[in-house]
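Residues or ranges marked as disulfide bond in Swiss-Prot (evidence: sequence analysis): 99-109, 127-136, 262-375, 286-333, 497-514, 506-523. Among the features that Swiss-Prot reports, domain 'Sema' is placed at 28-494, with the record citing sequence analysis. For 75, 165, 285, 346, 455, 559, the entry in Swiss-Prot reads N-linked glycosylation site. For 1-16, the entry in Swiss-Prot reads signal peptide. Under the heading topological domain 'Extracellular', Swiss-Prot lists 17-581, citing sequence analysis as support. Sequence annotations record features per position, and here Swiss-Prot assigns topological domain 'Cytoplasmic' to 603-712 based on sequence analysis. Annotated transmembrane segment per Swiss-Prot: 582-602, in sequence order.
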C-alpha cells in the first residue's frame, strides 16, 4: 500500500513540475570534471583507515581553516590545506572504559570536537563529545605555545554522539553561546540554549536560558541544521516530527522549521526565569504547487548564510528532500528573510484545545499584548499571560513560503543533495551580478549552479570523492571551494574555464566566471572584464559573436565522460529530461517490480501447497514429471489441442480427442518436430519419423513413447 501511495505522489509531482518548471527536472551539467585526487587535500593525522575523523568545519579565520576532528582540532592553511597548528585532546582511558561499559563502541567513545569559538584575540573555546561526557576547554596562545587555561562541563553545548546533528553560534561582544543540541546521554532531551561563558570562573554568570524539556510543542525529536544571527534575532533551522500533522496511516510526519529568539532575552519572571520569552517557530514550505495538493519537500538538509538581495533584504538558499521511500527526491529552495520576519512579527498563532482536537488558528483578538515572541528591553517584566502564552503556543499557523518554485529538483535516479554554500554577487561581462551555488551530493560530487532571472543552470558537476562518500560541509572563498567529507578535505578552484576550447562551448557554460577572450582565442577567467574582447551570454548561452556562430549545443550526461548531442527546441534552449519521462519511468519500474513480486509469490505459494503433500525422491528439481508420474506443463509447451491442429495427415475423429491431449509441435512442412527443439526442457526419445506418423494415423502411439498429460 505504501508503494502505491508513493506512485500516486509521483503523478502529483509530474503534474506540479510540468506546470511550474516547464517539465525540466534533473538538469544536466554543462561540463563534467573528475577531480578525485586532484587539488589540495587533507586526510587527518594518525587516524587508521578503519577509523573516522568525523571532520566538521568549524570556522574560517583569515587564511586559517579550523576543523574539528577525532581527538584533535586542526588549524589548516586555507590556501594549501597544510597544517599550521594541531591541538590534541583525547579523553582519559578511564572515561573511554566507562563509555564502553555503557554500551557504546570504542570508536564512538573518543573526543570529537563539535564546537569552536574565537572569544577574543588569542583565546578560543573548544568543546567535544569527550567519550559521551561533553567537555569544554579554553585555549590561549602564548609565547610558549597553545595552553589549556580552563576546562568545564560541556553539557548542553556539545552533543554526546558525534553523529548527532547540532549547531552553535558564538556572538562576539556578549560572551554568549547560542546552541541547538541535546543534553542527555540517549539524545532525547533536545534544547535551544543560550550559555554565558565566563571570562573567569569567579565572574558572575548571566542567566542561562533554554527551551522546555520534553515538550513536543516546542521541540519534537529535532535534527538541527544551521544557526545564524540576523539583526536582533538568532535563527535556528531544523527538521522535526510535526506535532500538528499525522498522515493517513497515522504515521509521524517530518516538517522543516525555522525558529528564532531575541538576542537580549533575559527569560521571564519566576518560575519562567530560565525559559525563553521570545521563542517562536514556523513551518517552511518548499513545494511544487499544484492546486490544492502541492508536492512537499519536507526534510530540511542544509542552509546557506544570508545573502544580500538588495532592497534591505537577504535571502537564504536551502536544500530539502522527501522522506525515505522508493522514490526519493531533492530540491533547492530560496527564502526571503524579510518574509520570515514579517510572519514572525505579524502571523497568526496555531493552537490545539486538547490532545484529540484539530489544530486551528488562534483568534487574533485573544492574543495578549505585548505580542508574544517580540523582543523586550527587559523580558523579566513581561505580563504573566504573555509569557504563559508563548510557552504554550510557540508555533505559527501559516507556513513560510519559498520565493517562487524550487530552483532545482533532483529526481529519484540522482544522488541526494546534502550541502549548500553560496558565492554571492559574482560579476559577469556587462556588469550584472549573479549568485553561484555550490551544492554537495551524497555520492561525493559538487554541483556548480547559477541563478539567472529565477532559473537555475547547472554549470558543472565535479566528482570530488569516491562514489558513496557524502559531502558534509562546504565553504567558498573568492577563488576556491572547500569540500569536506567525514574523512577527507579538498580544495578546488571555483572555475574550470580552460576545459572549453571553443568560443561556442565557453559561452554555452553560462558561467559568470568564464568568457571567451577573442584576442587570444581562449576561455578565460576574469574579474573586472574590462575591454570588448570578452564574449559571454548568461541568458541564452549562445552568441553570434563566436566564429562558429550558433551551433547545436551539447549537454553532458553526468554518468558519462563524453558529451552527447542534444536537440535544440524552437526557443533555442536544449531539451532536458522531462519530468514526465523521469518520474514515469521510475513509477512504471516500481509498479512492474510490485506486480512481478506478487506474481512470483503467488506461484511459489501454489507450488508449495501442491508439492508439499507428495514430496518424494521422484519429484526432484528440474524434473518435468510430478510424484504421480504426471507430466508438468512448462511455459514452453503449447496448449493447442489436437482438434485445432490443422495438418493433412492426422484424421479428425471424435475418438482421437479426449481429456488427455497430445501436445506436439508441427513445423511449416507438417512434419512432427522434437519437443526439445522448442526448449521444453526435456529431450524426446529419437524415433523414426515415418513410424510415428503411421502410429498417429492409426490412432495409436509407440509403446515406448511418453505422453505428456495436461490436467485442465
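If you go along the chain as it appears here, the first residue is 1 and each next one adds 1.
Here the Cβ of each residue, glycine as well, is placed from N, Cα and C on the backbone.
Since this is a predicted model, take the numbers as computed values, not measurements.
Locations of recorded Swiss-Prot features on the structure.
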residue	record	DSSP (3 states)
75	N-linked glycosylation site	strand
99	disulfide bond	helix
136	disulfide bond	strand
262	disulfide bond	strand
286	disulfide bond	coil
455	N-linked glycosylation site	strand
497	disulfide bond	helix
506	disulfide bond	helix
514	disulfide bond	strand
523	disulfide bond	strand
Chain-internal residues, separated by at least six, CB under 8 A from residue 285 (N-linked glycosylation site): 294, 296, 399, 400, 401, 402
Between residue 75 (N-linked glycosylation site) and residue 165 (N-linked glycosylation site), the C-alpha gap once rounded to whole angstrom: 23
Three-state secondary structure, which DSSP defines for residue 333 (disulfide bond): strand
Least surrounded among the disulfide-bonded residues, given as 127, 262, 333, 375, 506, when other CB atoms within 10 Å are counted: 375
For residue 109 (disulfide bond): DSSP state (helix, strand, coil): coil
Close in space, distant in sequence - residue 497 (disulfide bond), Cβ under 8 Å, 6 or more apart: 506, 509, 511, 513, 514, 523, 524, 525
Euclidean distance between Cα atoms of residue 455 (N-linked glycosylation site) and residue 262 (disulfide bond), Å: 35
Cβ contacts of residue 109 (disulfide bond) (under 8 Å, same chain, 6 or more positions away): 91, 95, 96, 99, 100, 131, 132
Euclidean distance between Cα atoms of residue 346 (N-linked glycosylation site) and residue 286 (disulfide bond), Å: 21
Where residue 346 (N-linked glycosylation site) falls in three-state DSSP terms: helix
